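Inspection log for the structure reproduced underneath, given as structure tokens.
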Amino acid sequence: MLGQDLNPEQNRTLKPTSVSEFTFTFILHTITTKLCGTNYPLSIAFIVVNEFCERFSYYGMKAVLTLYFINYLHWDKDLSTAVYHAFSSLCYFTPVLGALIADSWLGRFKTIIYLSLVYVLGHVVKSTGAIPAVGENVTHVVLSMTGLVLIAFGTGGIKPCVAAFGGDQFEKEHTEERRKFFSIFYMAINAGSLLSTIITPILRGDVQCFGGDCYALAFGVPAALMIIALVVFVAGSTLYTKSPPGGNVLLDVCKCIGFALRNRWRNSSREPRRAHWLDWAQEKYSKRLIYEIKMVLRVLVLFIPLPMFWALFDQQFSILILPWLFCFLTLSCQMLNSLLILVFVPIFDMILYPLIGLCKIKFITFSNSPWKSSPMTRYLLSPALSSLLIFTCSYSLFPEVCVAARRGLTGLSVVSARFVNTLPESLNVSVAAGVDFEIREDFGVSAAKSVARGQYKEVRCNAGLKEYSVDLGLLDFGASYTIVLKEVSGCGPEGLRAFKMLDIQANDVHITWQIPQYVLITAAEVMFSVTGLEFSYSQAPPNMKSVVQAGWLLTVAFGNVIVLIVAEGAGLKQWMEFLLFASLLIVVCIIFSIMAHLYTYVSPEQLDTMFQDGDGGGGGDGNDDGDLKKCQTEQLSLIAVAREKEKCSTD
């Protein structure tokens, strides 16, 4: 079958019976499995498009989620914010479940398919809950929460699998292409985020349905994009390299660790000391499994300090925004962040990193490793350390600007106003098109609303059959006003006067002062996040790549937990919180640099060389470091030969 011929794994073992058949097969393989004559497999195009549509679906839904809670479900801001952050955190804890299913049971391909179906179902349920005709408010709440839980399990479950599955498509010698793939993959994430945060709010506000804002459409479009993502992913199924699941990996790992601890406890006093505590499991478990567990534990330990980065990073979308402007300005910040990422990723990949390589700059090296001077070393951990330093500087060098700008972030022509009515009859005040205040009689107070900055000379006020015109004057950037409306005798037909009280001073620092900080923050994210994706994949054993990807995503979840603990428990002023996080991040940089220096870089492909003859499941002296050095030297030689052959074939 043609579908079988297109499978890369089967193509590698195909044995033609004649020269013509060999030529035809080679040409067919090259045309159908490679992109434009490069070493990039055609299958990654389907994966990248799938990721773009999935991220459009996710961020498009989140773009209007808080407004949906407040305006449609009629929740207060505290409850809306709490549910929003709980949902976001759940999306970063569920990757562990998806990774275990992929590596232990279904494999990455089937896991993505099945959890994408759960994802689509969640979107459908969520969109149904936004239709006013479907039940009462309780029904809407139940459907909305059910949909969000399904979405969290869907998006979180496939998150570690898609990145790892994309890395699986590359052959072992194409490490540079695989590294660039993760940059392209991250660009697809942010392209989807950028477009969705522009389009979805427009669908909600500009399109009217069921007599109001069309939340059903705003949630329905992301649902359609997720269906497209699933269809695109399935369409490339014949081209994928599909790694089979490795059995019940989690159970084997837990049993191996438990046996090692018990054996060490019982026999450590009677037997010679072993190189690593996991080596006490060699009596029962294979050296390969033990070494793979060591690899995973080394990486996970290296991840321990990293949540501090995300704790500071994620505040650009939360704490720095005044509560009543949260939705509007969060979208603006997120769009700026996504746009800068799309600009920075190719600049870093094609200009900055090669320039660093030409200058032979080594920020940090791995001890006991023949990879010390290789570009891969700089690409993996030194950019992560640099990003931490850049991020710290962005908050510690400009504290006054940060606080002033964030205190008056309404520099985007937004003003807050409320009215007090002293008349004995109710008033309707029309400040601008679509901005009306209904105020009860006898010192009734209206709700605060946002209006555009400007001069308001003639504002119409209707009190029953009477109509007044009042002069509010200038409503300035970032200010908050309480306006008392009082009838003054002797003023002719326009006997209503407005007395303004300034609750919050107008902003005197323009929001563009934050652009340099967002540039630094985004530069840090590009170096940190893309590097983390590639590092998590390259340093994981073949049967535990999704698990390690999930461990990387957990750093984001724990970063959010740190923010909640500090914000809710410490009771510090905002500038003190930023100073605390920046100081902690400096400490983390120092700790991380020491840990990175002591880390030994491992190529998972070396496992096949180290254990190609098998080890029978027990015995051995536990001297893995000597075997590793030998295998790394052999690996470098093989890579050099492969690159030389590739260069000759290209010439």
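Quick reminder: no glycine exception, Cβ is built from N, Cα and C everywhere.
Keep in mind the model is a prediction, meaning the values are calculated, not measured.
Feature annotation from TrEMBL assigns transmembrane segment to 26-49 (among others).
For the transmembrane segment (56-75), the list of distant contacts is 81, 83-84, 87-88, 91, 119, 123, 126, 130, 137, 140-141, 144, 151, 155, 192-193, 195-197, 199-201, 204, 213, 215, 218-219, 221-223, 225-226, 229, 326-327, 331, 334: same-chain residues at least six beyond its ends, Cβ to Cβ under 8 Å. What TrEMBL lists as transmembrane segment is 56-75 (among others).
Annotation source TrEMBL lists transmembrane segment at 81-101 (among others).
The annotation transmembrane segment is assigned in TrEMBL to 113-135 (among others). Within the chain, the transmembrane segment (113-135) has long-range Cβ neighbours (under 8 A, six or more residues past its boundaries) at 54, 57, 61, 68, 72, 98, 101, 106, 141-144, 146-155, 157-158, 161, 210-212, 215-216, 218-220, 222-223, 226-227, 229-230, 233-234.
The annotation transmembrane segment is assigned in TrEMBL to 141-162 (among others).
What TrEMBL records for 183-203 (among others) is transmembrane segment. Within its own chain, the transmembrane segment (183-203) has Cβ neighbours under 8 Å at 44, 47-49, 51-61, 63-64, 163, 166, 214, 217-218, 221-222, 225, 331, 334-335, 337-339, 341-342, 345-346, 348-349, 526, 529-530, 533, counting only residues six or more beyond its boundaries.
Feature annotation from TrEMBL assigns transmembrane segment to 215-235 (among others).
The transmembrane segment feature in TrEMBL is assigned to 295-313 (among others).
As annotated by TrEMBL, transmembrane segment applies to 379-398 (among others).
According to TrEMBL, the feature transmembrane segment maps to 518-537 (among others).
Annotated transmembrane segment per TrEMBL: 549-567 (among others), in sequence order.
The transmembrane segment feature in TrEMBL is assigned to 579-602 (among others).
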Take a look at 215-235, 295-313, 549-567, 579-602 and tell me which one has the most Cβ pairs under 8 Å to the transmembrane segment (81-101).
549-567
Outside the transmembrane segment (549-567), six or more residues from its ends: residues with CB under 8 Å to it:
85, 88-89, 92-93, 95-96, 98-100, 156, 159-161, 163-164, 296, 299-300, 303, 306-311, 313-315, 318-319, 532-533, 536-537, 540, 577, 580-581
Considering pairs 6 or more residues apart, do the transmembrane segment (295-313) and the transmembrane segment (579-602) have at least three CB pairs under 8 Å?
yes
